[in-house]
2 protein chains.
Amino acid sequence: MMGFSLGSVLMSLGMRSEADQVSVDAITLFVGLLCTCIIIGHLLEKNKWINESITALTIGLCTGIVLLLTTEGRRSHILVFNEELFFIYVLPPIIFNAGFQVKKKQFFRNFMTITLFGVVGTLISFFIISLGSAQLFKMLNDVGFLEMGDYFALGAIFSATDSVCTLQVLNQDETPLLYSLVFGEGVVNDATSVVLFNTLQRFDLSHTTSGIATQFAGSLCSLFFTSTLLGVAVGLLSAYIIKKLYFGRHSTDREVALMILMAYLSYMMAELFSLSGILTVFFCGIVMSHYTWHNVTENSRVTTKHAFATMSFISEIFIFLYVGMDALDIEKWSAVSKSPGTSVGVSTILLGLIVLGRAAFVFPLSFISNLTRKSPDDKIGFKQQVTIWWAGLMRGAVSMALAYNKFASSGHTQIRGNAIMITSTISIVLFCTVVFGLVTKPLIRFLLPLRKPLSSMVESELSSPKFLMLPLLQNGHDREVAMNGQNSTTLPLLQNGQDPEVAMNGQNGTTHPRSLCMLLTTPAHSVHYYWRKFDNAFMRPVFGGRGFVQRIPGSPTETVVS
Amino acid sequence: MMGFSLGSVLMSLGMRSEADQVSVDAITLFVGLLCTCIIIGHLLEKNKWINESITALTIGLCTGIVLLLTTEGRRSHILVFNEELFFIYVLPPIIFNAGFQVKKKQFFRNFMTITLFGVVGTLISFFIISLGSAQLFKMLNDVGFLEMGDYFALGAIFSATDSVCTLQVLNQDETPLLYSLVFGEGVVNDATSVVLFNTLQRFDLSHTTSGIATQFAGSLCSLFFTSTLLGVAVGLLSAYIIKKLYFGRHSTDREVALMILMAYLSYMMAELFSLSGILTVFFCGIVMSHYTWHNVTENSRVTTKHAFATMSFISEIFIFLYVGMDALDIEKWSAVSKSPGTSVGVSTILLGLIVLGRAAFVFPLSFISNLTRKSPDDKIGFKQQVTIWWAGLMRGAVSMALAYNKFASSGHTQIRGNAIMITSTISIVLFCTVVFGLVTKPLIRFLLPLRKPLSSMVESELSSPKFLMLPLLQNGHDREVAMNGQNSTTLPLLQNGQDPEVAMNGQNGTTHPRSLCMLLTTPAHSVHYYWRKFDNAFMRPVFGGRGFVQRIPGSPTETVVS
């Protein structure tokens, strides 16, 4: 929003210099392309192969080609890929929205598995890619000079699963378990990769000792803990402030602005303290949807829900369009054009290692995870393991950003070895997004056809319209009241009532007594049971949340219900 | 969003350099301050003197002082005022939202008066300030060397009324006529100033001939016309696309994203073609609220209404905070510290000329405008003229941006004459915002106490809750049907139904037959009558709009109504 200054460029008024015009040009073109992507994406929505990211990537590539031809090869991209832009402005809305809209029950139920995949799995993948590339690159003649640190950096870069891509191919409503596992892993995994990457830049890796390993493990744990804590703290602060300030006045704009700004603040504070902003803003989103969201007015709820989703949507398309347009940067490709074989070799080796590295942890860790799950319904089946393995293979903008950070200096690269690494990263990202993206949707449909394993319970409730209105029914009532008395007097509010945490509480308010009993009696859920008791007794009275916000007479809800 | 590159600064990951940390610091501090402003602004809402802009300005100034003390005078601001940031990112949402939420009936009814004030008035003001300063600055000994072009630039800079400030002190519901006149003038006036400024930079002004004057008038007219046309065209295009694409699917995010992006696209296209982006995006907002807004789903309506208002709200606070923090830039003030008398003299002269220049056109032009108004109710009374004069005295961020563009090179200024102009502009903006801002609210209450002149008709309807639900009642009905049959079956939809163009159609659906008859019979409104006929016969069937979007069975509205 404000971290930029185009040096001495005076802009937009009078005295337009050459540089100005280009900048206005670029923004106009880019915004126009974003619109085009949305429209074409909408038209292709029913297509079972193509998803929105492929559309954006293709449009970006085509634009890159057109620019390449019109400018006669001088510059194919209008903007160099910029990690700052990506990490400061584009990524936070996506991850925040993911936290805000995630089905919290599914997420926390699988918390241990997600952490296992996200931390241990990423480490396994990291070592396989690092050591594998160190060995295999020797077969290629002219990769250029790479130190051990560079191989470790490659490992960190390519162990970052693209959570944005994952969101595009998996559907939260169709396969909730898989979604929460793969996406949750993606968030933790991104954080792990970034930490790995940062730590590697700091430590001297020429002589690895056990001391460094311990130090590293310690810094990883403390980072996860503090990042999560910061996100939760900012989320609770926002809930407390809005609960205290809410007096039933017409303050929708203020509430929405405060939620957006505090979410962003949590991310920036994490970055400032060298924590993982991704983890922080994700947990801030979860806390906000659990407490803050229930403290605001009806209109604010609808607005925040859709405004966050829209911001995330625009950011996602932005990334793919951007990667597509940047892929044809002639400068980088000309550096590797003399030895195309090497570049292809590097890409192939890395791609193979990614596939292998992921297989090496998904299947063993799923086995370990299954040992802790008693109910056979809860176990991760083999077909699901294959899906997890496959869906997490995609590499995207996080890998791009890390690669640019390591191997390029402000987007321009001269040394040949670095150029090869950058172009290989671009090739892998393009290949993953297009090929894996095209295949994943049909693959999931093939592997898990109509079975709706594990998810049938949640899904059947979600698809019933009665269920959707429950959250609003509970306004001003206790949760238990709503659970027993499901009258449908508030049907007219239906379109407002799409609660972002619908799945979490919905299962308690279900009409299936079987699943309800199971939920409360199964020992695996006792943590959740005590959390609910604690939440109701201590947290909600302070921070608000469903049923704990006093309704002001004369507020819209009140008018309707009475 | 994307026009920036911090040069070779690598950011947010690993290798944090000094410059990085500052940028993350700055953003974190700024976002934190924005949150603080919102909270304090909310707490002071009931205060009858202070408005949100003064709060933000004060907080900005205080932060500036703290930074000045902690950095031991090295740098008081964390960011230099940046016109690009202002014109490309911060201003568009404000003006778009103004167009989107403006009461269209009031605006178009007073269209001639607004244009008269905005164009002729600004020109009068421009000449008075230019020629006046050229004469009066001679009395000051050491202003430095100023050419005639500089005086004309001063005239253009200080004839830009701050429409953002105006929005803060005038209330659309309390004084609709004044609001539409002053705000409408502000938008046209901003455009005129920017055009004047740009034209002055281009022409050689040492020898003014009648040829240049004609040329100038021609370019002004064509600019107004093409800018408006572009805005209307983009607005209609968005309406058409969304109407064609809307198949009752759950596409809220896409609709909202498309509306935001197309609005921004209109602004950027205008900038690209060297038109007035302000005018373009304002008319785009009007068209979007009249057509596009009615073509989207219920949720999208609520979301867009509040999301646009929130973006505008954040941008406004941003500007005042920014101006406040930038005001204490030690570099500029040290350049003028040797001769404080001159700086005070320049500021006083300019402020006097602003007051005089505005008086010189508001009263004569109001007189002319009154000649064309037949009904005594429609005439602009003397007290209202005083209010128009007073409320338009404020100078804000547009003046700042123009002054920086003219007198500073990328925010840093060395030449003494330029430094004096910059500091004078800052002084005037601070003085206007704080003093005029504090006095305006009480003044309006004093001048127009409880009389609700001219506005009583609109206001009485607005305050009645029945009225608010009318727009939704009309879903799927014709306008005339709703006018005659006002059953209140759709009361539950009340909280969704705050139509941004409530005032425009509301007057037709009123229960006061007197005002209705007056509306249809008064010749002054015959243009409006024919417009309605044309709109219903040709525009709405193509572009949608209230009552002209086919309802899809199963959509939320349908479910509720049937």
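Backbone N, Cα and C define each Cβ position, glycine as well.
TrEMBL has this to say about the protein:
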DOMAIN    B:38-444  domain 'Cation/H+ exchanger transmembrane'
TRANSMEM  B:26-44  transmembrane segment
TRANSMEM  B:53-71  transmembrane segment
TRANSMEM  B:77-99  transmembrane segment
TRANSMEM  B:111-131  transmembrane segment
TRANSMEM  B:217-242  transmembrane segment
TRANSMEM  B:263-288  transmembrane segment
TRANSMEM  B:308-328  transmembrane segment
TRANSMEM  B:349-368  transmembrane segment
TRANSMEM  B:388-407  transmembrane segment
TRANSMEM  B:419-439  transmembrane segment
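Two recorded stretches are said to be in contact when at least 3 C-beta pairs lie under 8 angstroms, sequence spacing 6 or more; the transmembrane segment (B:53-71) and the transmembrane segment (B:308-328) meet this definition. Within its own chain, the transmembrane segment (B:419-439) is flanked in space by residues 49-51, 53-54, 57, 61, 143-144, 150, 154, 157-158, 162, 165, 168-169, 320, 323-324, 326-327, 332-333, 335-336, 342-343, 346-347, 350-351, 354, 390, 393-397, 399-400, 403-404, 406-408, 413, which lie at least six positions past its ends and keep a Cβ under 8 Å from the stretch. Panel annotation: around the transmembrane segment (B:388-407), residues 81, 83, 86-87, 90-91, 117, 150, 153, 156-158, 160-162, 164-166, 169-170, 178, 181-182, 185-186, 189-190, 193-194, 197, 319, 322-323, 354-355, 358-359, 362-363, 366, 380, 413, 418, 421-422, 425-426, 428-429, 432-433, 436-437, 440, 443-444 of the same chain, lying at least six beyond its termini, place a Cβ under 8 Å from a Cβ of the stretch. Sequence-distant contacts of the transmembrane segment (B:349-368), counting only residues of its own chain at least 6 positions beyond either end whose CB sits under 8 Å from a CB of the stretch, comprise 113, 116-117, 120-121, 124-126, 128-129, 132-133, 136-137, 140, 154, 158-159, 380, 385, 388-389, 392-393, 395, 424, 428, 431-432.
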